[in-house]
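S.K.: So that we are looking at the same thing, I have put the structure below in structure tokens.
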């Protein structure tokens with residue numbers, strides 16, 4: 001019989017070593033790169049967050065520099081001294097090296113180089129090892145910070161964190177783009193969004209958010225779509241209008257940008273990424289957007305229901321040039337192409353109280369006000385020739401009273417991609433799922 | 001063209017009103033209960049978090065008390081006065097009432113009563129409305145706090161938050177209990193755990209955690225199993241042994257208990273729940289556990305590979321009576337029934353460096369040290385007559401070097417259930433998925 005109590009304090013080796021100039025330190029990490037300098041070798045050790053330059057000379061613990069290989073996992077001790085040419089301004093003169101684990105084979109990718117320099121097709125099957133590259137790590141530490149900052153802001157605004165099922169009995173977003181599975185003999189689907197559950201819980205907790213997996217069985221292979229992605233979703237009750245939702249998103253984005261700036265300074269520098277400044281975001285209606293594109297760019301839109309990708313780029317260019325904003329809201333999309341739960345504009349029911357947020361030329365959010373009145377929701381289902389009986393479970397909340405409410409969904413990978421200026425969404429997904437990729 | 005800037009400040013109506021005695025306030029909420037007192041009526045309004053007692057007398061905005069019905073969504077104004085008999089020590093004397101939304105039908109469940117008093121079978125289909133009951137809300141606010149506290153602690157310990165795919169090409173935990181789906185013509189599965197991805201990313205970021213959906217296609221209908229649940233998972237590299245993982249879990253649980261205590265005081269009081277005190281947690285081996293049960297309870301175990309449910313209860317009783325601990329770790333389970341990625345004990349390879357954590361009579365965690373050496377992992381797969389070629393993608397990380405690492409998974413619903421003393425895990429899942437339930 002023994003007892004287990006609190007964990008050993010976590011050591012961030014880079015900071016810890018940097019603060020120990022003139023003293024000795026011990027830490028664990030993986031040999032990232034060995035550079036032989038004839039008299040000695042630089043052994044760069046990758047710790048949990050960052051790289052530490054160590055100097056190996058002579059014989060240490062029965063080994064010479066030739067015994068140290070990339071990919072070995074080591075525990076080292078040494079004396080810290082200033083070295084302005086090293087990445088962090090110091091290096092560790094090794095006095096002890098213990099090997100904790102050895103690779104079976106030499107790693108086939110150039111982790112030690114500044115850039116990995118591989119095509120996506122070559123890299124993706126090797127992601128469990130290519131992501132060890134500092135520049136790749138940086139992307140996903142920033143992505144983690146985006147989601148963590150989102151959660152922290154939502155909690156600060158009185159939102160309750162929900163965790164909802166992804167195996168569902170019906171698709172919320174319509175269409176055939178849905179994965180099917182057999183659920184103990186019943187036909188089931190993978191959720192296209194947490195829409196129904198966000199609405200249920202907005203009627204329960206008032207304000208809710210979720211960070212969860214979302215599924216779209218879309219048969220296209222583009223640089224901006226994934227078949228499984230992470231949705232940042234929120235829904236809020238007792239709103240005046242969809243503008244409350246847009247204001248909440250603006251506040252959230254400001255907070256997330258600050259959070260990432262604070263927690264991922266080194267990662268942003270490494271990637272050379274410039275975060276946007278958000279003050280206030282210009283907002284135009286769908287109809288105004290089409291007019292602006294005609295006037296400013298001589299662009300005659302052929303898409304009466306949505307914005308095409310090139311139009312998203314145009315509207316962002318307009319917002320940037322006119323208002324210095326990298327973001328622009330487009331509101332009042334044609335109702336016909338918005339989902340059945342979207343509330344129509346009472347003044348002009350051909351348009352829905354629904355919006356997109358565009359950022360650096362790409363839609364990153366769809367949101368809007370939802371129908372809360374039971375009769376209005378039933379009528380919209382009927383008008384669309386949908387089978388109301390299939391929505392019995394969904395309509396319970398409306399039947400017994402729902403507050404006016406609205407919300408939105410943001411694709412985490414898209415937001416990451418746009419913040420970091422990546423060209424392909426697979427760069428912003430650790431283990432992407434597309435039409436041809438099911439592993440790793 | 002308009003601009004959208006920051007959101008209106010969030011008002012927590014209960015606290016806000018409580019601080020406004022002698023002044024007037026306005027807020028929005030849903031009519032929770034109307035109690036007619038002949039001269040006037042008490043209108044209890046449910047706001048985002050809590051209930052506010054209001055007094056309606058005479059005629060207000062063209063309405064009398066008879067016009068106010070349960071389930072109406074209202075914006076009210078009134079004067080706040082002390083009232084020791086009211087739940088929060090104050091009430092609001094209404095001066096204005098505006099109806100924002102009306103239910104289509106009278107709600108068929110007694111939301112206004114102290115207890116809902118429904119069987120689970122009757123309640124679950126109506127969850128979108130029964131969860132509006134304050135006692136039901138309380139469960140899931142506490143659940144949200146458990147997950148939020150978990151994330152906050154992990155981040156404080158240098159763990160990176162990961163978000164991994166749930167559509168996978170192979171099951172990590174073995175067995176036939178896995179949901180299958182067609183993925184663009186390929187056979188795919190729903191992840192039984194994030195195991196492979198946690199290990200990959202432990203080799204990348206060192207320390208990782210995830211809060212995500214987990215799938216088990218188990219064909220049993222018990223009070224402690226769900227077919228889709230939320231896993232709290234972490235994995236940490238550069239460990240000395242599995243005891244590092246157990247220490248991290250102990251530190252995490254202490255933090256989570258404090259977090260819940262701090263953020264959900266009213267909810268805990270409402271449910272009469274007593275949180276456990278964690279100082280240090282006793283730990284025994286599987287073999288010792290069987291001996292203890294024989295000595296102390298005269299129990300001759302017939303299960304050579306695992307603990308039966310009644311044995312989990314016995315071990316918890318022992319830990320409580322002997323050490324005053326509601327938790328007990330059991331380590332060194334027989335290797336044969338532990339997964340292929342578990343590291344065996346070098347001193348006695350019949351046992352794995354693997355543990356369970358039992359809490360109030362139920363296993364809430366399985367964890368342990370994983371194999372990091374490539375040859376050891378390949379040999380274990382071969383010894384088990386598993387097809388090594390199917391694990392090529394998984395073995396990449398071992399082949400090119402992995403640090404010693406370990407981790408664990410906790411079922412969020414089980415932890416919630418045990419913390420709150422619930423009898424059925426469906427009480428701790430908002431929208432449970434079991435063999436017969438696919439909606440709401």
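Backbone N, Cα and C atoms are what each Cβ position is placed from, and that goes for glycine too.
Pulled from TrEMBL, these are the listed features:
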- B:173, B:216, B:366, B:370: L-aspartate binding site (BINDING)
- B:216, B:217, B:218, B:224, B:225, B:226, B:363, B:411, B:412, B:413, B:414: ATP binding site (BINDING)
- B:141-440: domain 'Aminoacyl-transfer RNA synthetases class-II family profile' (DOMAIN)
- B:195-198: region 'Aspartate' (REGION)
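Walk me through the surroundings of each of these features.
M.R.: Cβ neighbour count for residue B:366 (L-aspartate binding site) (all protein chains, 10 Å cutoff from its Cβ): 19.
Of all the Cβ atoms in the protein chains shown, 22 others lie within 10 Å of the Cβ of residue B:414 (ATP binding site).
Across the domain 'Aminoacyl-transfer RNA synthetases class-II family profile' (B:141-440), mean pLDDT in this model comes to 96.
Through the fold, the region 'Aspartate' (B:195-198) approaches residues 162, 164-165, 168, 172-173, 208, 210, 233-235, 339, 341, 394, 407 of its own chain, all at least 6 residues removed from its boundaries and within a Cβ separation under 8 Å.
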S.K.: Using DSSP and three states only, what is residue B:412 (ATP binding site)?
M.R.: helix
S.K.: List which of the binding-site residues B:173, B:218, B:370, B:412, B:414 have a Cβ under 8 Å from any Cβ of chain A, in sequence order, or say none.
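M.R.: Listed binding-site residues meeting the cut-off: B:412.
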S.K.: Quick one: give me the count of other CB atoms within 10 A of the CB of residue B:173 (L-aspartate binding site).
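M.R.: Summing over all protein chains shown, residue B:173 (L-aspartate binding site) has 17 other Cβ atoms within 10 Å.
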S.K.: Among the binding-site residues B:218, B:363, which residue has the largest number of other Cβ atoms within 10 Å of its own Cβ?
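M.R.: Checking each of B:218, B:363, the winner is B:363.
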S.K.: Could you put numbers on the helix, strand and coil content of the region 'Aspartate' (B:195-198), residue by residue per DSSP?
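M.R.: Computed counts for the region 'Aspartate' (B:195-198) are 4 helix, 0 strand, 0 coil.
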S.K.: Are there residues of the same chain, six or more positions away from residue B:216 (L-aspartate binding site), whose CB falls under 8 angstroms from its CB, and which are they?
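M.R.: The list for residue B:216 (L-aspartate binding site) reads B:177, B:178, B:192, B:225, B:226, B:227, B:228, B:229, given in order along the sequence.
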S.K.: Taking DSSP as the reference, which of helix, strand or coil describes residue B:370 (L-aspartate binding site)?
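M.R.: For residue B:370 (L-aspartate binding site) - judged by DSSP and reduced to three states - the answer is strand.
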